[in-house]
């Protein structure tokens, strides 16, 4: 069967259009730096699969996907380079010849069934100027690779069926993992990334911030302490968290990617907990695991079904009969509330699978955890991760990059590029890498030493790393895409649920298992976890900053008393330093991504405040109820969910109108232009989350 996603006739026409477009772009590009010789790699055939609708209010009945002799989810072939870091250096807008097309993304998700997406990377260390060639020179590129490089007009002209998935593909620099310079010429297994600019800007910020805060303390409006003191404390909090961020990102470390040689593969247990995901979605995940460059006989895949569904068991049985060399097991954990169950949610499922592996397969040394909707992002994932674990006996777990399929532009920031492509490198330098649930491999012996997966917190991943660090264990971050979500939360209730859970989890640790009181942590680890918690608590100062212009514009009362010139000379250097720091830390992140992140940051203020309050109310001995993030999109008009943001927006707008109205005769002389500017800035940020409240919703008008 063909591995194409399109009919043969359309694919041939697409290939011809792709070839001509590729040659045209190649002619405009500069010469590429030659690669070292490539070694060949056999590419497994793949089969087509039925369409799975990701945006649906109703879950369709389960129909098993066609399974033949090989997985229907085929990961793109990764080259085996003579050097693990051989990279082509090409201009940002150029491409290579059709016989050397860069692998972009997993090509098995049915693109006709997905919303418009920005395809995540599957290869480590790629930037817009560094592309990897495929292993099979002269091989025909996959359909998704051709679609990704074709202009939108050409695509629409040759496709006859609905294909909203690839209307516009972001440039390759959106898929960058880490700067290419950081992974070239690695020595002794790791390399520190040069942070000279960030350090210089950070030092300059500390000097400016100290000067600014001392000056601000001398000009506070003591006639209105109810406004000036909260404003001053909020500014001190902001300065503290920025300084903490500078310290934590002072050093960033990239760990070398060295694959495990063939023939040395140990058996790996892949634990896939599921609760409510469709069998089709779980099947795609399982087959992506089987599609790796890893022998099937060295894989034990366990599907822990917390919903105890016959159709899930049927799907697993079908896969086991098809892939007889692999061991694919359907596992039913004890039902929730049963005395033998350890953990009420996902933690209980994982602990049950861990106990099963320990009892039935005691010789297995490595446990991979993979969310039921996360496919494998790189065919070399296990080869890199297990290779690192075998070379470094002191490492307890390895976390890799998590990415996800999103709508065009990633409107809700689900890809978390700033975190996985930047912050994790800083955590890697201080042994503060924590598990993120998927794309993660544990050394079973080390996991057992901390009592398995912890059950105290809502989500086991973050807290398991916290407990491991308390026991002196080491975690490592590898810059390879290990997991790609098949679907992301892209409706307001689902986004609130996911981000709110993360905030609640983090705040519970900070309030009741505080890193400064916990035993066993190093100073740098305490600083890293403090920054993580203070990020969510920054919502309180942000709310003060947003409401201050409203009060000042309506009442004429200000938190400080000074002249406009003094304000400009002291405050604006402070703000500019923060912007410079953000620009240096974000590296290759685009301005659009940073702006969307700011919109989400401010828009989630009330959600994070609620989460912090719940963390206090529930206390250390009572765990809030955990709900699984919905795996379908429910587009609608969620104005009630953003009512607080709308209310604050209206307050800011009315404050601006009121101030302009009372100073209409002397606008330039008497109006508070500074407060008006800040009010407009906050309105623009809040509009971002308000507009997303109806994301994906379409009004259908019936035609007579």
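Using the three backbone atoms N, Cα and C, a Cβ is placed for every residue, glycine included.
Those TrEMBL annotations? Automatic predictions, nothing curated.
Note that the coordinates shown come from a computational prediction; the quantities given were computed from them, not determined experimentally.
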Would you mind telling me which of 534-558, 559-583 TrEMBL tags as transmembrane segment?
-> 534-558
What stretch of 200-220, 534-558, 600-621, 642-661 shows the most Cβ pairs under 8 Å to the transmembrane segment (226-247)?
-> 534-558
Ranked first among 200-220, 534-558, 642-661, 673-694 for CB pairs under 8 angstroms with the transmembrane segment (600-621) | 534-558
Which sequence positions outside the transmembrane segment (673-694), separated from its termini by at least 6 residues, show Cβ-Cβ distances below 8 Å to it?
-> 411-412, 492, 495, 545-546, 548-550, 552-553, 564, 567, 596, 598-600, 602-604, 635-639, 641-642, 645-646, 648-649, 652-653, 655-656, 659-660
